[in-house]
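Features reported for this protein in Swiss-Prot:
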BINDING   51-58, Gly106, 187-195, Gly241, Arg256  GTP binding site
COILED    322-408  coiled coil
COMPBIAS  376-391  compositional bias 'Basic and acidic residues'
COMPBIAS  409-420  compositional bias 'Polar residues'
MOD_RES   Ala2  N-acetylalanine
MOD_RES   Ser10  phosphoserine
REGION    51-58  region 'G1 motif'
REGION    103-106  region 'G3 motif'
REGION    186-189  region 'G4 motif'
REGION    376-397  region 'Disordered'
REGION    409-429  region 'Disordered'
Amino acid sequence: MAATDLERFSNAEAEPRSLSLGGHVGFDSLPDQLVSKSVTQGFSFNILCVGETGIGKSTLMNTLFNTTFETEEASHHESCVRLRPQTYDLQESNVQLKLTIVDAVGFGDQINKDESYRPIVDYIDAQFENYLQEELKIRRSLFDYHDTRIHVCLYFITPTGHSLKSLDLVTMKKLDSKVNIIPIIAKADTISKSELHKFKIKIMGELVSNGVQIYQFPTDDEAVAEINAVMNAHLPFAVVGSTEEVKVGNKLVRARQYPWGVVQVENENHCDFVKLREMLIRVNMEDLREQTHSRHYELYRRCKLEEMGFQDSDGDSQPFSLQETYEAKRKEFLSELQRKEEEMRQMFVNKVKETELELKEKERELHEKFEHLKRVHQEEKRKVEEKRRELEEETSAFNRRKAAVEALQSQALHATSQQPLRKDKDKKK
């Protein structure tokens with residue numbers, strides 16, 4: 001019965017009916033309500049800056065938002081890449097923006113650059129994981145949650161004029177499925193316009209040939225489709241950053257002063273800074289936020305939930321409930337636990353057998369060694385006994401010879417002492 005009701009409700013939901021209203025209801029104010037709620041809540045926008053030390057990341061951020069962010073000066077002697085986030089509260093008119101700028105400090109400064117991308121990937125995944133954990137809470141509060149997911153990665157390319165470095169290709173390839181990448185050529189005033197044009201073509205060709213997916217400004221919205229299509233053709237943007245003001249004619253402009261002339265930051269004939277600012281902030285900021293949530297975060301979330309045992313149902317079957325998923329995961333866990341216990345028990349038994357064999361082998365070796373030492377001891381004892389007997393025999397022979405010699409000496413002494421007495425007797429006669 002329950003299954004029939006569920007099918008009936010499902011069919012009803014699949015076939016909505018169109019009705020006409022007899023008068024004004026009021027839900028046409030929903031867009032205004034949404035705008036009012038969004039303005040009250042405020043917005044968050046998180047930018048990841050990746051590029052070599054000294055390439056102008058901090059200067060460009062100051063120029064983009066027309067302010068001065070307090071940042072520590074980075075050293076060229078970092079032992080590893082570390083991510084340094086800084087959060088600022090900005091306000092323009094009545095719109096609040098919580099801006100987080102994450103700098104990849106030390107990127108490209110190490111001799112071994114094979115794993116330079118790893119801390120960046122780990123940081124992006126960590127922000128996804130934090131958001132996922134907040135979503136999975138029983139009592140979650142996403143309204144007040146400070147979303148730290150990276151919305152855009154500005155990848156600063158060194159203006160060599162030749163081609164992309166292998167480090168750039170590897171890093172962007174590792175990041176393109178996790179974040180919206182906008183490649184920019186930094187310090188574009190250091191190479192000529194002709195070299196810059198060739199460099200842009202070379203960069204885009206290398207990105208395409210290596211399968212690197214960069215962020216494309218959306219063309220499905222009629223309001224911005226035309227300008228976005230034009231701007232897509234200008235990628236990568238060649239930018240110049242500066243917070244210094246230089247007098248050009250009768251007005252002050254942000255520019256870089258050189259002995260040979262002035263490079264105006266906001267002059268589109270000099271660089272693409274205005275194009276970058278328009279595309280990044282004025283036109284596509286919300287799309288970058290949406291792409292981060294609906295594409296990159298959803299990919300991470302799907303992979304994580306599949307690892308946890310969740311999965312979508314087939315078209316012909318009923319969706320899996322949380323209880324079914326839990327029970328299936330519990331059975332899988334218990335089965336895995338039993339298998340591990342059996343493996344450990346078998347390993348323990350094998351280890352005991354191996355130990356017993358080793359002990360028996362040691363015992364046999366010790367017994368053989370003991371028997372060998374015993375034989376050696378007996379042999380030595382026999383030799384000592386023979387030596388003792390020989391010594392006793394020699395001692396006895398020596399004593400006999402000594403006694404014989406003493407007897408002979410005594411007889412000789414006695415005979416010698418009798419001769420004077422005989423002479424005295426003869427004289428008396």
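Backbone N, Cα and C atoms are what each Cβ position is placed from, and that goes for glycine too.
Keep in mind the model is a prediction, meaning the values are calculated, not measured.
Positions of Swiss-Prot features highlighted on the structure.
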residue	record	DSSP class
Gly51	GTP binding site	coil
Lys57	GTP binding site	helix
Lys187	GTP binding site	coil
Lys193	GTP binding site	helix
Gly241	GTP binding site	coil
So of Lys187, Lys193, which of the binding-site residues has the fewest other Cβ atoms within 10 Å around its own Cβ?
Lys193
Candidates Gly54, Gly241: member of the binding-site residues with the richest Cβ shell (10 Å):
Gly241
Spatial neighbours of Thr190 (GTP binding site) that are distant in sequence (at least 6 apart) but have CB under 8 A:
Pro159
For Gly51 (GTP binding site), list the number of other Cβ atoms lying within 10 Å of its Cβ atom.
21
Counting by DSSP secondary structure, give me helix, strand and coil numbers for the compositional bias 'Polar residues' (409-420).
12 helix, 0 strand, 0 coil
Enter the number of other CB atoms within 10 angstroms of the CB of Lys57 (GTP binding site).
25
Based on DSSP, tally up the residues of the region 'G3 motif' (103-106) by helix, strand and coil.
0 helix, 3 strand, 1 coil
Could you pull the average pLDDT for the region 'G3 motif' (103-106)?
93
